[in-house]
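K.L.:
Dropping a structure here in structure tokens format, bear with me for questions.
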Amino acid sequence: MLGTTVMIPSALVPAMGGSDGDKIRVIQTISFVSGINTLLQALFGTRLPTVIGGSFAYLIPVVYIIGDSSLQRITDPHERFIRTMRAIQGALITSSALQITLGYSQLWGLFSRFFSPLGMAPVVGLVGLGLVQQGFPVVGNCVEIGIPMLLVVIAVSQYLKHITPFRDIPIFERFPVLICVAAIWAYSHVLTAGGAYKRTPYKTQYNCRTDRANLITSADWFYFPHPFQWGAPTFHVGHIFAMMSAVLVSMIESTGAYKAASRLAIATPPPACVLSRGIGWLGIGTLLDGLFGTLVGSTVSVENVGLLGLTRVGSRRVVQISAGFMMFFATLGKFGALFASIPFPIFAALYCVLFASVGLSFLQFTNMNSMRNLFISGLSLFLGISVPQYFNDFMLTAGHGPAHTNAGWFNAWLNTIFSSPPTVGLIVAVILDNTMDVENSKKDRGMPWWVKFRSFRGDSRNEEFYNLPFNLNRLFPPT
């Protein structure tokens, strides 16, 4: 998840007027709060081995807030950064109420009754496939680093996974990411130190050099992120409405990621009450993001869901201990800045491998000889990729999204919703699946397999996977 943790502040903080020091403090804050949110989610949320991190879904609303004319008129860069960060904090704090309300009121669980294996298959698949723009296109920005990383991680994780050089410990199967990142990172540092990029264009240097960001020299040795470190949040109605679109998208993406994580961790699909509980705690996470000032809200890290399938490690205890490491190392500024020097193409190569289409495995519970099912799954997958591609291309060429009215919050709302592949896929799949020949297609949709997992008591294994710790089910019984 260092990819999103580093990429998002690297892109947004300079546009806000922030310095390199501000950038590394934002990176530390994202890491620290992600550790807190991951621990809360693994203990009291869905209890699945999922990691919570920053989300690309928040980019459009944040860019809208950055471009607010009242903020752009501030001439002092540092003052503009502080004022913009406070505005983003206020929007995150207020909009988190949407997730908290839908989660703890069980409304999201009630809505999940319209989900079927057929409807969820494209949504879960698009959670990973929707980030293809951060995959090979970024690898191509520095092929001499990205291509070797892609080939090495495939070789180590798939071809060498059965080799156990140390007393039957599957080193290559358990630690392919650590081994490959360390090796290619060292290789990229040799290229940088050897002067391979001295006379190359700025874009090549930015994507290939390990000393491009000036983060290590700008970072403090020790910094403890804390609430309201940027000052008191400010609240603007337009900012709040724009941010709510990203909160909604994050909720849909996280739902797909929960389904994928349960499948890869060999757990039962999360019942409606557990799904609602997870969304409620995700809202608490977004509230913490606003209080600490992480720049973006939280979502389930799709990278780490893919890592479950790559490493075969699906233990929630591992994730809980990892959350502690995240919080500890986030306070060590130089350490975090060192990892932030990893070239982006290394992350992008990992994206190509980690985003396995586990969602398509849900189709085994449906009848794919049915033309109805083929139409729904095919159309939702195609539009889930095609519609966001149209919105993203339009934004790159025109400088704004297809929605371009005088109401900036409305533009941010529509552009955010339709730039998210899982959200578009959910809209298309759920509407078609629940309106086209529903009564005669229950078996074809996979409902006989799915329905027993809707309630907490529907399967005896649910208690093993989703019971709250410390006997808290007695105080908060699943309903």
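Easy rule for this one: first residue shown is 1, then count along the chain.
Just so you know, glycine gets a Cβ as well, placed from its N, Cα and C.
Any TrEMBL annotation is an automated prediction that lacks curation.
This is the feature table in TrEMBL:
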{"type": "TRANSMEM", "residues": "48-66", "note": "transmembrane segment"}
{"type": "TRANSMEM", "residues": "87-108", "note": "transmembrane segment"}
{"type": "TRANSMEM", "residues": "114-132", "note": "transmembrane segment"}
{"type": "TRANSMEM", "residues": "139-160", "note": "transmembrane segment"}
{"type": "TRANSMEM", "residues": "175-197", "note": "transmembrane segment"}
{"type": "TRANSMEM", "residues": "318-340", "note": "transmembrane segment"}
{"type": "TRANSMEM", "residues": "346-366", "note": "transmembrane segment"}
{"type": "TRANSMEM", "residues": "373-392", "note": "transmembrane segment"}
{"type": "TRANSMEM", "residues": "412-432", "note": "transmembrane segment"}
K.L.:
Looking at the stretches 87-108, 139-160, 373-392, 412-432, which one shares the most CB pairs under 8 Å with the transmembrane segment (175-197)?
P.N.:
139-160
K.L.:
Short question: most Cβ pairs under 8 Å with the transmembrane segment (412-432), which of 139-160, 318-340, 373-392?
P.N.:
373-392
K.L.:
Short question: which residues 6 or more past the ends of the transmembrane segment (139-160) have a Cβ under 8 Å from it?
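P.N.:
For the transmembrane segment (139-160), the list is 172-173, 176-177, 179-181, 183-184, 187-188, 191, 203-204, 207-208, 310-311, 343-346, 348-350, 352-353.
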